[in-house]
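Q: My questions will all concern the structure given below.
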Amino acid sequence: MVVGVLALQGSFNEHIAVLKRLGVKGVEVRKPEQLLNVSSLIIPGGESTTMAKLAELHNLFPALREFVQMGKPVWGTCAGLIFLANRATGQKTGGQKLIGGLDCTVHRNFFGSQIQSFETELPIPQVVAEEGGPPSFRAVFIRAPAILDVGPDVEVLADIPLSAIETINSNPAIPKEEDSTESGKKVIVAVKQGNLLATAFHPELTADTRWHSYFLKMVPEIEEGTSDIVSTSTSNQSFGARSIIDFPIYQ
């Protein structure tokens with residue numbers, strides 16, 4: 001199995017490093033023809049407008065859309081989530097091209113600017129059911145998007161109560177608790193729909209490999225055969241004694 005990682009800009013090296021830790025070959029993808037040689041694709045976090053311009057320059061959009069439509073597993077993290085969404089708001093003037101396929105509306109900079117980036121413990125029950133480990137995941141949000149609504153075929157894997165982040169973030173896009181008609185309102189940050197997986201945060205920036213393992217098991221040849229892929233949380237790392245600092249990823 002070879003996993004492609006879109007390597008136009010952003011954290012593609014970090015994803016490839018995690019794949020290597022799991023014993024899986026990750027290759028950089030920059031040209032349409034390189035998609036023919038991979039079984040699945042990760043679209044990393046980065047600057048989504050820049051990535052879209054580079055993808056257009058290299059004529060990647062038709063091939064990326066075809067890859068999604070063929071049913072091959074694709075995972076978008078942060079900017080990659082924006083790419084996969086059918087609808088996006090909060091874009092720069094003129095907007096940007098999207099790959100689409102994921103029936104949701106995403107807000108491009110829901111959590112604010114770079115200085116409003118944050119980390120939080122995120123409950124991930126569906127992933128834990130598959131991968132084991134502790135009930136939460138240390139999620140890193142860097143100028144992150146969020147999902148505002150999803151279609152009926154989209155499974156929500158993780159969300160965050162607005163009350164938990166309004167003290168961190170002053171972005172006016174985030175409604176304050178007193179302005180909300182729903183007590184305990186949440187915003188969606190991870191979803192799955194068929195062959196598509198999307199997260200608003202950056203799993204590749206932590207030592208916890210469960211999201212990568214979860215994605216790899218979406219690849220048909222893994223599901224049909226015996227897999228040696230074991231996420232870090234269920235093997236040699238003690239999360240009960242986990243260090244507060246989860247870096248570096250190249251450990």
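We count from 1, first residue shown onward.
Glycine is treated like the rest: Cβ placed from N, Cα and C.
According to TrEMBL, the protein has these features:
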- GLY46, GLU47, SER48, ARG108, ILE142, ARG143: L-glutamine binding site (BINDING)
- CYS78: active site, nucleophile (ACT_SITE)
- HIS202: active site, charge relay system (ACT_SITE)
- GLU204: active site, charge relay system (ACT_SITE)
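Walk me through the surroundings of each of these features.
A: Around GLY46 (L-glutamine binding site), the same-chain residues six or more apart in sequence whose CB sits under 8 Å from its CB are LEU8, GLN9, GLY10, SER11, CYS78, ALA79, listed in sequence order.
Taking the Cβ of HIS202 (active site, charge relay system) as centre and 10 Å as the limit, one finds 23 other Cβ atoms among all the protein chains shown.
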Q: Could you say which of the recorded positions CYS78, ILE142 has its Cβ with the most other Cβ atoms inside 10 Å?
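A: Result of the Cβ crowding comparison: CYS78.
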Q: Once GLY46, GLU47, SER48, ARG108, ILE142, ARG143 are set aside, which residues in the chain still have Cβ within 8 Å of the Cβ centroid of the L-glutamine site?
A: GLY10, GLY45, THR49, CYS78, ALA79, ILE82, ASN109, ALA144, PRO145
Q: For the recorded positions listed here, GLU47, GLU204, which shows the highest count of neighbouring CB atoms within 10 A?
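A: Per the Cβ count within 10 Å, the most buried is GLU204.
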